[in-house]
Every structure is written in structure tokens, then in C-alpha cells.
Amino acid sequence: MAASARPSVVPQKDLESFQEHLDKSTRILALIGAGLSASSGLPTFRGAGGLWRTHDATQLATPEAFGRDPGLVWQFYSYRRHMALKAKPNPAHYALAELARKKEDFITLSQNVDGLSPRAKHPPDQLKLLHGSLFDVKCSDFFCNYVESNNYTDPIVPALAIPTDESDPTTTSALAARELDISDINVDLPELTFSHLPRCPKCKRGLLRPGVVWFGEQLPAKVMRDIEEWMVGGDKIDLIMVIGTSARVYPAAGYVDAARAKGARVAIVNMDKNDVPASGLYKGDWFFEGDAAQIMPEILKGVIGELGDMPDAAEE
Ligand code: BJW
């Protein structure tokens, strides 16, 4: 499938100056967030879409919430695993993956856990998953070190299956019943107890939990080390692109200032003009307002060319 030619969404003057800078840049960072996957149909955390049923999504992303109500937290994450598996990478994921192939000293720091960048064939060495993955699971018992990567079983246990509307008149023996949208408060959720939830196969004691980084938890040590090495591995950084993130969560947001301190110019791509990093915008920065899925292929075009086939690794 080739990307269709789209009308320009970016002011010409900004586009030219950005492309000129990108062309001569060698050491490049991208910090990406939930807005990158918004046009793939996945909700963001803050603002509209940040509520899951009546719960603030960021309040469910904590060890305390899991300790209090592991059934509810698993329902939230099981739903997100299901939605992420149904979603497809969009042109912004493919554009960044292609830029990584063209610029070898470019790394993407992803706060996303949805697996869409890997599915867009982003070169793995150039993609640093700061907040883990929905498709990793690990034991929640402090004394057990069980971790499993790339677990795509959906649902992970039968009790977490998305309920369907059995009374739907369009359902036939050949056509599956329509799935209910369990993010809607009007859809009843089953009460889950400990025995319904995924259990650690190693220690047989602890509950499994999603392999994501919750508030108050440390980011993966190897990922942090790799980034640190990259940051100090050259005299200067030419550019950091801050794409589809409110840049409010640390340590991720701190990389914007760290890159700036090494000379980087900052390019922000966001739907919301007010979502600039805490240090604000400097002279020489760019703000590209709009949907990352439209803007990224356009601003990177000078280096990556037109996006051609967009293979989804999940379909191969
Ligand atoms: C579009 C768009 C479209 C929409 N196109 N744009 C320093 C100062 C203050 C506090 C701290 C600090 N250092 C650490 C902290 C504490 C805390 C923190 O940052 N708190 C802040 C909220 C104040 N940080 C932590 O706890 C971190 N851990 C840590 O620091 O550990 C230290 C430690 C040391 C030693 C021992 C123990 C600990 C961990 C942070 C983990 C964050 N986890 C989450 C959940 C991950 C799992 C999951 O997905 O459920 O990560 S929270 C959530 O926020 C998720 C996201 O990755 C992250 C960032 O959100 P993101 O991606 O920016 O989404 P949104 O919704 O905020 O923004 C979307 C943007 O897109 C918006 O701007 C839209 O406008 C835009 N948009 N559509 C372009 N189509």
C-alpha cells in the first residue's frame, strides 16, 4: 500500500528551515508519546480520552492501584492489549522507522507500550522503550524474578475476555457476536478475584502483572544505560523531535533539556499548541501543530522520500 499524496499541513517556511536542518543533522533524538498512536485509534493519557470508565488512566498505572484492585488493573491492561493488537501502525510510526534506517545515529525514546513502532519495523537498536511493553508480563512477587517477553495471548486468561453482546441480532453462527466496549461505564464488568487472574508459572505464588513502568518505579536499567551512553557518546546533539507527548512525565521529559544542553534544536509535533516542554520554546525551535500521522511523513520527506509499502509485522 503506498501513502497517498496529501495536501501540506505545515507552513512552508517552517518546513524548509526544518528540512534544511534535518538534512545536515547526524545526531538526532525523538521523544515519542501516546499522541503518535492516537490516529491508530489508541487513547492518550491526559485530556480527552484519559478516562477509562470512571478512572483516570494515570491513577491505574501505579503499583498501589494494582495492590488495591489487581482485577480492575488487569481489566484495564487486558483491554489495552486487545485494542493495541487490533490497531495498526500509522504513517508516523513508519516515517520514524524509515528515518532510523537513513540516519544511523538517530535513536527514538518511546514512552509508548503499544508495540506499534516495532510492528512498523523500527530498527530495534534504535528504539528505546522507556516504559516497557503491554506484551511483556512479569511476576509481581518481590522475591520472584519471572519475566516473559512478547506474550501476545489475548485474552491472557479466559476471565479477561472482552464480553460480547450475545443478544445482537446480526450475530449468526458464522459471524462472531459484537464485542462490548468495556471502556464505557454502562457496560458491566465481571467482578474478578485472585483466582481469575494470571498466575506466575515460576513461583506459582505471585500474580503476573503487565511489564510496564508504573509511577514510582524505575525505568529499565539497560535502556537508561544505553541512552546515557548515547548522550555522552558525541560532542553535540543536532536535533530532538518531541512528538505526540505532553512531556510531563520524568525522566522521559528531562531528555528535552538534556539534548538542548548539548546544542539540540527542538521540533515539537503536537495537536495542542499549549503542550510544549516545561522549559518552553526557544528561538530556532519549531512547533508543527496537528496530527503526527500527517505531519511526520511530510517533515521527514526530504530524507526518507515518499512512504512506500507499510508492512505490519503482525500480519507477516
Ligand atoms: C497528538 C495527537 C496526534 C494527541 N498527533 N499529538 C521529576 C519531577 C517531578 C516528578 C518526577 C520527577 N522524576 C520522577 C518523577 C515522578 C514521576 C513523574 O514524572 N511524575 C510526573 C507526572 C510529575 N515519574 C516516575 O514515577 C517514573 N519513575 C521514576 O522516576 O523512578 C525513579 C525511581 C528511582 C529509584 C527507585 C524507584 C524509582 C516512572 C514514570 C512511568 C510513567 N508510566 C506511564 C504508564 C506506562 C504504562 C501504561 O501505558 O499504562 O507512562 S504514565 C503515562 O504517562 C505513560 C506515558 O508513557 C506517560 C507519558 O504520557 P504521554 O505519552 O505524554 O501522553 P499524554 O496523554 O500525556 O500526552 C499525549 C500528547 O499527545 C498530548 O500532548 C496531546 O496533545 C498529543 N496528541 N493526539 C500529535 N494525533
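Even glycines carry a Cβ here, placed using N, Cα and C.
Please treat TrEMBL annotations as automatic predictions, because they have not gone through curation.
Feature annotations, courtesy of TrEMBL:
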type	residues	note
DOMAIN	8-316	domain 'Deacetylase sirtuin-type'
ACT_SITE	His131	active site, proton acceptor
BINDING	Cys139, Cys144, Cys200, Cys203	Zn(2+) binding site
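Location within the structure of each feature annotated in TrEMBL.
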{"residue": "His131", "record": "active site, proton acceptor", "Cβ contacts under 8 Å, 6 or more apart": "Ser110, Gln111, Asn112, Val113, Val212, Val213, Leu219, Ala252"}
{"residue": "Cys139", "record": "Zn(2+) binding site", "Cβ contacts under 8 Å, 6 or more apart": "Asn145, Tyr146, Val147, Cys200, Lys202, Cys203, Gly206, Leu207, Leu208, Arg209"}
{"residue": "Cys144", "record": "Zn(2+) binding site", "Cβ contacts under 8 Å, 6 or more apart": "Cys200, Lys202, Cys203, Arg205, Gly206"}
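In the three-state DSSP reading, Cys139 (Zn(2+) binding site) counts as strand. A Cβ distance below 6 Å to any atom of ligand 1 is met by none of the binding-site residues Cys139, Cys144, Cys200, Cys203. Those same-chain residues not listed among Cys139, Cys144, Cys200, Cys203 yet with C-beta within 8 angstroms of the centroid of the Zn(2+) site C-beta atoms are Ser140, Asp141, Phe143, Asn145, Tyr146, Lys202, Lys204, Arg205, Gly206, Leu208. Highest Cβ count within 10 Å among the binding-site residues Cys200, Cys203: Cys200. In the predicted model, the domain 'Deacetylase sirtuin-type' (8-316) shows an average pLDDT of 94.
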